[in-house]
């Protein structure tokens, strides 16, 4: 019996990280109950795995896009459940996939109830599509990586500020380039010859990044787009409010004020830092903290010098908030910004919020992260969210991000071409 079972990945065992796949099993006994497993090792050597129990149909087949999991890491029909429900074998670890050159390799297997393996298949999930170029950038003060799609262009240009924690993350930038965007992702500290830590942030760095992007031969937009997450959300707001050349900004689970580090421009402080109160941090049994209620209120008189003056910006904003964010109250910050822009008679924004989603909204189909080390707090924290709702939010948002940038970053040459 054991050599009969076959496990297949459709359309192929090689795909992009953000592409769904169909997992099918054939050659089982009629109505046989089996365990499906997924296993992967991240760049730091942490093992992530998931499992779910399925019952074959009358012909001994299982199709994850049709059949429901009966028990395990998730239940119900979840075609990509084995991927997003993977958990680390140690507490408080976030799945590390920052290098775009190697694929995320997942081993899927099907097992008898007693545990014996019946079949396995390897899924290689690439961050870079065919023909995407990856060039490390070390020019002036800029330290980062430029991803360029194949073809002549022009392509909408995007600056990916990813998040705050030192080093460089290439995943989101590489995937956006695979979807037709010219993307520069940059590090602020803790990468190459940059300092290990920083005490302040200089807007001049981002000004340099925008000029560099706009000077690329294949950059087609008049202005650039900026995509952010968490602390880099307020940096994106500041760049759009104080610097020219920004057409579209995506703010994901950020703050409406400049957080943690003072912001400088041309060696003069322009925004003070909104701080947090460690006494308001809540501990949990897992050892991870909840920081949601620890931030000082940016609307209080003594903190207003940290509020980013987004009403000055001419860029188009997409605000994205997870309603179960436990890092901080992104939804409240988003509501505050929407109210402020409306009061100023501005209509240059749209917003979306996701019930049941946590802080770390990333490109879809990576392992959901309940808790991990927090760069600013210096301890593990809970990020919030419920795995299934969070995974669904990532799928929806990823499409939204691409639509938003395509709509609001004009590529003149392309528009002219399409009229002819």
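Indices start at 1 and increase along the chain as displayed.
Glycine is treated like the rest: Cβ placed from N, Cα and C.
TrEMBL does not curate its annotations; it predicts them automatically.
Over the domain 'BAAT/Acyl-CoA thioester hydrolase C-terminal' (201-410) the predicted model carries a mean pLDDT of 96. Among the features that TrEMBL reports, domain 'BAAT/Acyl-CoA thioester hydrolase C-terminal' is placed at 201-410.
The active site, charge relay system feature in TrEMBL is assigned to 230 (among others). Within 10 Å of the C-beta of residue 230 (active site, charge relay system) we count 28 further C-beta atoms, all protein chains included.
Taken from TrEMBL, the feature active site, charge relay system applies to 325 (among others). Neighbour count (other Cβ atoms within 10 Å of the Cβ, all protein chains): 25 for residue 325 (active site, charge relay system).
What TrEMBL records for 359 (among others) is active site, charge relay system. Note on residue 359 (active site, charge relay system): other Cβ atoms within 10 Å of its Cβ, all shown chains, come to 26.
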Euclidean distance between Cα atoms of residue 230 (active site, charge relay system) and residue 359 (active site, charge relay system), Å: 8
